[in-house]
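A.B. asks: Here's the feature list from TrEMBL:
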TRANSMEM  12-32  transmembrane segment
DOMAIN    51-194  domain 'Peptidase S54 rhomboid'
TRANSMEM  64-82  transmembrane segment
TRANSMEM  91-112  transmembrane segment
TRANSMEM  118-139  transmembrane segment
TRANSMEM  151-171  transmembrane segment
TRANSMEM  177-196  transmembrane segment
Amino acid sequence: MTKRWNSLNDSTKTIAVLIGINTIIFGMWQILPLRVVMNKYFVHNPLSGRSFTLLTSVFSHEAFWHYSFNMLALYSFGDLVYRAFGREQFLAFYLSSGMFASCISHIASLSFKRYGAIMPSLGASGAIFACMATCAITYPDASVYLIFMPFFPIKISYALPALIAFDLFGIISKMTIFDHFAHLAGTMFGLIYTKFGQEPYWKAVRQI
């Protein structure tokens with residue numbers, strides 16, 4: 001097992017660790033006695049006073065479909081983003097975009113009065129959509145697999161606009177099964193950072 005792990009490249013190892021962490025936390029959600037703990041430490045509620053959950057919630061999925069969609073997507077094109085950024089920048093990008101998407105979702109849900117109150121958030125969807133946006137810019141001809149059609153590859157330059165349109169429709173029609181604001185925020189983060197922010201911001205971070 002150790003020999004096989006050592007034979008993997010750094011990209012595969014990093015993606016595998018991320019999926020592994022998400023899988024462990026998803027498994028913890030399925031243990032009923034842990035539900036109170038999970039809601040307290042792995043769901044972000046900006047009114048709770050626990051700022052660290054903005055980070056831990058990025059790895060947290062309660063529902064199987066939510067976990068499956070995000071992990072299939074991460075497995076499908078996470079390697080491409082890793083190759084574009086390198087390990088340190090990829091991890092910083094992944095976590096930052098996930099947390100940014102949660103913040104925007106909280107603000108938007110109040111601004112648009114979608115729920116009438118700030119809704120708690122969890123999941124890696126914002127980070128996944130940011131990664132997809134990066135792929136669409138850097139590898140527009142790459143094919144990806146999505147949970148809706150897991151056995152049929154779709155060119156990412158087609159998949160991303162279709163998902164953006166779906167999220168805009170979800171907001172207009174007030175659908176609440178998906179966090180459409182988080183999806184769009186993650187997409188915006190990925191597009192802007194990859195197109196305009198990678199050089200100035202990452203260089204500044206490296207100099208700290």
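Residue positions begin at 1 at the first shown residue.
The backbone N, Cα and C atoms fix where each Cβ goes, glycine too.
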A.B. asks: Going along the chain, which residues at least six beyond the ends of the transmembrane segment (118-139) come within the CB cut-off of under 8 Å?
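C.D. replies: Here the qualifying positions are 22, 39, 42-47, 57-62, 66, 69-70, 73-74, 77-78, 80-81, 84-85, 93-95, 97-102, 105-106, 109-110, 156-157, 159-160, 163, 178-179, 182-191, 193-195.
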A.B. asks: The domain 'Peptidase S54 rhomboid' (51-194): mean pLDDT?
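C.D. replies: Computed over the domain 'Peptidase S54 rhomboid' (51-194), the mean pLDDT is 88 on the 0 to 100 scale.
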A.B. asks: In the same chain, who gets a Cβ under 8 Å from the transmembrane segment (91-112) while lying at least 6 residues past its ends?
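C.D. replies: Distant contacts of the transmembrane segment (91-112): 14, 18, 44, 46, 54-55, 57-58, 81, 85, 118-119, 121, 124-127, 129-131, 134, 171, 179, 181-183, 185-186, 189-190, 193, 202, 205.
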A.B. asks: For the domain 'Peptidase S54 rhomboid' (51-194), what are the DSSP-based totals of helix, strand and coil residues?
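C.D. replies: Its residues divide into 100 helix, 12 strand, 32 coil.
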